[in-house]
Amino acid sequence: MNYSLAVDIGASSGRLIVGECNKKIQLTEIHRFENQIIEKNGQFCWDVDALFSEIKTGLKKCREAGIEPVSMGIDTWAVDFVLLDEHDKPLTDAVSYRDPRTDGVMEEVIEQFMKERLYLETGIQFQQFNTIYQLYALKKQHPDIFKKAKSFLMIPDYFHFLLTGKKANEYTNATTTQLVNAFTKKWDKDIIEALGFNPDMFQEIKLPTESLGKLKSEWVEEVGFDLEVILPATHDTGSAVVAVPKVADTIYLSSGTWSLIGVENSFPICVTKALDYNFTNEGGMNYQFRFLKNIMGLWMIQEVRRNYDNRYSFAQLVELSKGISFKSTVDVNDPRFLKPTNMIKEIQRYCQETGQQAPELPGEVAKCVFESLAESYTSAVAEIEDIFEKDFKSINVIGGGCRNELLNQLIADRTKKDVFAGPIEATAIGNLVAQWMALGEIESIQQARKLIYDSFDVKRYVSADRE
């Protein structure tokens, strides 16, 4: 039996999961670790050295368990990057999208380009932390450093480079930069050059299932075995959507630190209505498009828990919020919730400023977050149906957030649609599917989705009005 290894690193945690593909998919978690933003040199950064060390730790644990995967691939969150100098050394820390360096930058870039033009060419949602604005901020604030940049690698590209010595920009993650043309599927040199970016620092765009080759000899010696590094959809949501068991007449909701809600489509939708609703057309497997909206997600409850000094588990916060009729809600996409000093106080201030009852008890704060998320999902569903001029029958929640039964039921109640929850490890599964397709163990995404449907439990939630 051949094993493959998915390295799935989210904005709050990472895991290494070994998968076997036979009549059913079997998963074994090998290693799990935390991922936290650190403050360094006055900026919010990712500790990429520590993350790479965790990847190597997971590989060593494979060997210790008597498991030697034949392949591996890495996925992470989107938009963040590492710039390398002429010696292939990082020029700066890996600054997080939550850093305020991009405050006001998006508006400055839009002044140079008509908003409609940027959207028509890239199809990407306008968010202040998109890569395009991070690069522009770096160029403006540290021009000397920016001029030295010879290679642009997104976070998973950088880890793949460290493992193999091969540089490439994987397609699904590259599209989130707002610098890839949605129709040519190549770097948009007109935009890149107009903003004063060096087009030569961007690498060849490669597709999921393409191989980067074997590990560098130093890592083979350290971890004790060799394997093939195969590109998955390196944007975690891109991998997660591959694992949606059924996509016909279904809206997917990838629920984690971020919530990404949308549909799979064969072409980009760059119409005015999609721009007005602020939807994005991110690249997917096989040049499919993930037409979706980014919503703040479970980051808010993660921060609430942290503000309570981790006295409550996530399950306890859910339990405390059950049976509470607290109805105050906040706009979860308000930038004030991106990186507040204290999430609980920010939620309370928002409620006070909007004339609503401010939550006080932990259960009330949690219920406010869950109700607010469900409300934002419901609005996004209505917008999707307006754009497509059709009703979708169901919503499939995937990722870690699908374990939140209270939130799943709130979504069903508010949208009046059937909600299906699972699989939980959708991202790792989608990552593995790309590897198995490259290795010839799975022929198509359609075959993979049937296999996923047969392999994992999916729970159904029905609106209370329809029970």
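Each residue, glycine too, has its Cβ placed from N, Cα and C.
The feature ATP binding site is assigned by Swiss-Prot to A11, S12, S13, G14, R15, T257, Q302, G400. Listed in sequence order, N35, W77, G256, T257, W258, W299 are the same-chain residues at least 6 apart in sequence whose CB falls under 8 Å from the CB of A11 (ATP binding site). In the three-state DSSP scheme, A11 (ATP binding site) falls into the coil class.
The substrate binding site annotation in Swiss-Prot covers A78, H235, D236, T237, N294, and the record cites sequence analysis as its basis. Long-range Cβ contacts of H235 (substrate binding site) within its own chain (separation 6+, distance under 8 Å): D75, T76, W77, A78, E170, T172, N173, T175, T176, E282, G283.
Non-local neighbourhood of D236 (substrate binding site): D8, I9, G10, D75, T76, W77, A78, G256, T427, each in the same chain, at least six residues away, with C-beta under 8 Å from its C-beta. Feature annotation from Swiss-Prot assigns active site, proton acceptor to D236.
Swiss-Prot lists C351-C368 with the feature disulfide bond, giving sequence analysis as the kind of evidence. Within 10 Å of the C-beta of C351 (disulfide bond) there are 17 other C-beta atoms, taking all protein chains into account. Secondary structure at C351 (disulfide bond), taken from DSSP and collapsed to helix, strand or coil, is helix.
S12 (ATP binding site) sits 17 Å from N294 (substrate binding site), counting Cα to Cα.
The ATP-binding residues named in the record, A11, S12, S13, G14, R15, T257, Q302, G400, extend over a maximum Cα to Cα distance of 18 Å. Of all the binding-site residues listed here (S12, N294), the one with the fewest other CB atoms within 10 A of its own CB is S12. The Cβ of A78 (substrate binding site) has 29 neighbouring Cβ atoms from other residues within 10 Å, across all protein chains displayed. In this structure the C-alpha atoms belonging to T237 (substrate binding site) and Q302 (ATP binding site) are separated by 19 Å. Here the CA atom of Q302 (ATP binding site) lies 17 Å from the CA atom of N294 (substrate binding site).
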